[in-house]
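Visitor: Quick paste from TrEMBL:
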{"type": "BINDING", "residues": "B:Thr157, B:Lys183, B:Thr194, B:Glu281, B:Asn404, B:Ser409", "note": "substrate binding site"}
{"type": "ACT_SITE", "residues": "B:Thr194", "note": "active site, nucleophile"}
There are 2 protein chains.
Amino acid sequence: MSSPKSPLAPTALPNLPEIAGVIRRVARAGYKAWERSDLTFVELAPGTTVAGVLTQSKCPSPEVEWCRKALVLGQARALVVNAGNSNAFTGDRGRTAVEAIAARTAQHLGCAPSDVYVASTGVIGVPLPVDKAEAGLDAAFASAPVGWVDAAETIMTTDTFAKVATQRAVVGGRTVELVGVIKGSGMIAPDMATMLGFIFTNAAVDPAFLQRALAAANTKTFSCITVDSDTSTSDTVLAFATGAAGNPPLAGDEDEGADAFVSALSALCMELALLVVRDGEGATKLIEVTVEGAESDRSAHRIAMSIANSPLVKTAIAGEDANWGRVVMAVGKAGEPAERDKLSIRFGATQVAEHGLAVTGYDEAPVTAHLKGSEIAIGVDLGLGEGRATVWTCDLTHGYISINADYRS
Amino acid sequence: MSSPKSPLAPTALPNLPEIAGVIRRVARAGYKAWERSDLTFVELAPGTTVAGVLTQSKCPSPEVEWCRKALVLGQARALVVNAGNSNAFTGDRGRTAVEAIAARTAQHLGCAPSDVYVASTGVIGVPLPVDKAEAGLDAAFASAPVGWVDAAETIMTTDTFAKVATQRAVVGGRTVELVGVIKGSGMIAPDMATMLGFIFTNAAVDPAFLQRALAAANTKTFSCITVDSDTSTSDTVLAFATGAAGNPPLAGDEDEGADAFVSALSALCMELALLVVRDGEGATKLIEVTVEGAESDRSAHRIAMSIANSPLVKTAIAGEDANWGRVVMAVGKAGEPAERDKLSIRFGATQVAEHGLAVTGYDEAPVTAHLKGSEIAIGVDLGLGEGRATVWTCDLTHGYISINADYRS
């Protein structure tokens, strides 16, 4: 909010195409004492299909529970996003607020409440005020449409820059466009989803196929990022397909253009996920952790996450210190198969440890140069099998402490 | 090292009794460029029994492997502790260094190498220099005995104060004394043991019984603390019993004084474990997290650790912010059974959330006052069963970042 823009923010925004059947409006509901829009209303054309991945938290927000139910039907006419109040852990009052938002939007559009998807982000434990939400919705209904970036800015909380991405694919002879907007900066350790991400495409896609494609992309993207190991109660990624491109609806892997669409969706998810890490609270370095030679991909992922979540590894990178001993520590604590004397570690392209001990007399200069950069690569080879995973995180700095020691005030 | 003493340090040291059969000597091996003793040699009387708990890291130091083997025999004549170099992840050279230390000490005492226990702490990945270790040992052999506090200071690394504790029990008509020394401040998330802790008693105790008692105490003490969720490669707690008190050796739960000894040992472990948390890197608050009403004790422990390891909970406490929403988040991400609408949370004695939502109009004044103190209590009731656990951690502050962004240099 008041933090300066992350040094890892992209220098330019991409050109974003319009997606036929997607109309964005924003308004100021006033969930917090801030002078900015904080309610986003996206109207979707009749026939839009939807897929989603949601937090695995055992204490999910009522918005997450609402979306989980609605996704079974696979149809969507609207998305409403509230910023500044997550409405999580608010009991019956929270549920009532979500139902009121869905009802009012459904009445406005003449659709079923289950066609309305709702997501909220912000402080936990304060019921979303229904009067503010309803007044905000009415203001949004009456307002002029806005661009993608306005919508991306309206869903922000501690984010320091608006996060958008786009991809394109040829499907059944038609060029289809995909646009995604996402927010997230702290409380990022998505468990099958990240904080709030929304993807829109004009492709025609069967909801079951869209769900499979989104879940597969998620496994390699949103589920591979972490800022602080803290998993949100509100993590939500929804993908909406309006079908306006007029391609024959994608329903199976063998359909023409299915591969291209899945690839484009996956690339878009990757871009969005990395934007979140680049805006990690207090981040000054983007860190890519690759683990190879594990007994399985799953084991590699767990070890990579153990490294990416280690405060000691993250502070060492913040200090531009090639302290690979902390990487060994993080491998050792992961609880996954590992043999110390087969382990190799690299920073950037430089092998610093091999087969369980430091590489004798390795040149520290390229390592030091690599660590002074803003994109850091840590590689671990366990030497056990073919399992492989890559995850992304950021460094842990004074900025994270400053942001989080007085967030609620 | 150069950090000021933790504000959570005890104001006075306890009076420490001598333990017959335990003689401490220290020397400067010069493992780092510092003007202080860094090698501790403890001579133990013939007949001393020993028990230990060691790190579960998959990348343990050669010292840990050495101790694990030696513990099978249950006998000890010496303990050697090196500070400034953990000797972890150093391959054959690390193993050779440990063997050389054990051999030289065994020769000096006329015992078997397997009677010599070795522990090292400090930077990972640099082989312990054998010449410095041997010269340091020779200097120690020739030096005058020192007190407990000198030994506790000699095993320190980033610790800001010497950590010692004592307990007493009546066993078989004899009063037996227990003294413990411990070090640890960062990389603290012991997995069955903490960094380096050493307990000495003049009680006569069968090694198998001593092992059982130590393992049981460990489960409720060292395994219940965390500073930063990072588990060391060198975690070691050893308990030595010289038998000089002359009690009939303790060998079973039914023996006279067994309960008293086990209670004293457990209380001593608790004191030592809390001293480590009080010296957590950058700590300004000691945090006790109690989880009740879980499906099992194990489940309660996991949830408590999820709260205690959450950077967002720890920074909130640093900021004296009653942000209980972050506690909900940490419960939700633990992956253990929890039902949002049965969850209650308190800070200090004040219930702030009950049955899944904020307590209406609860008085923030006592909560604010509690959070301004240096000892913080967070209580969670899951409302599901009888499972219960308490763990201890510290807050996450700018001090932690400062200490760890340039530790190795």
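First residue shown is number 1, and so on along the chain.
Just so you know, glycine gets a Cβ as well, placed from its N, Cα and C.
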Visitor: Once the chains shown are all counted, how many other Cβ atoms turn up within 10 Å of the Cβ of B:Lys183 (substrate binding site)?
Guide: 27
Visitor: Using Cβ atoms and a cut-off of under 8 Å, determine which of the binding-site residues B:Thr157, B:Lys183, B:Glu281, B:Asn404 neighbour chain A, and list them by sequence position, or give 'none'.
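Guide: Among the binding-site residues B:Thr157, B:Lys183, B:Glu281, B:Asn404, the ones whose Cβ sits under 8 Å from a Cβ of chain A are B:Asn404.
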Visitor: Within 10 Å of its Cβ, which one of these binding-site residues (B:Thr157, B:Asn404) has the largest number of other Cβ atoms?
Guide: B:Asn404
Visitor: Using DSSP with the three-state reduction, classify B:Asn404 (substrate binding site) as helix, strand or coil.
Guide: helix
Visitor: Excluding near sequence neighbours, so keeping only residues 6 or more apart in the same chain, what lies with its CB under 8 A of B:Glu281 (substrate binding site)?
Guide: B:Thr158, B:Ser185, B:Gly186, B:Val227, B:Asp228, B:Gly399, B:Tyr400, B:Ile403, B:Asn404
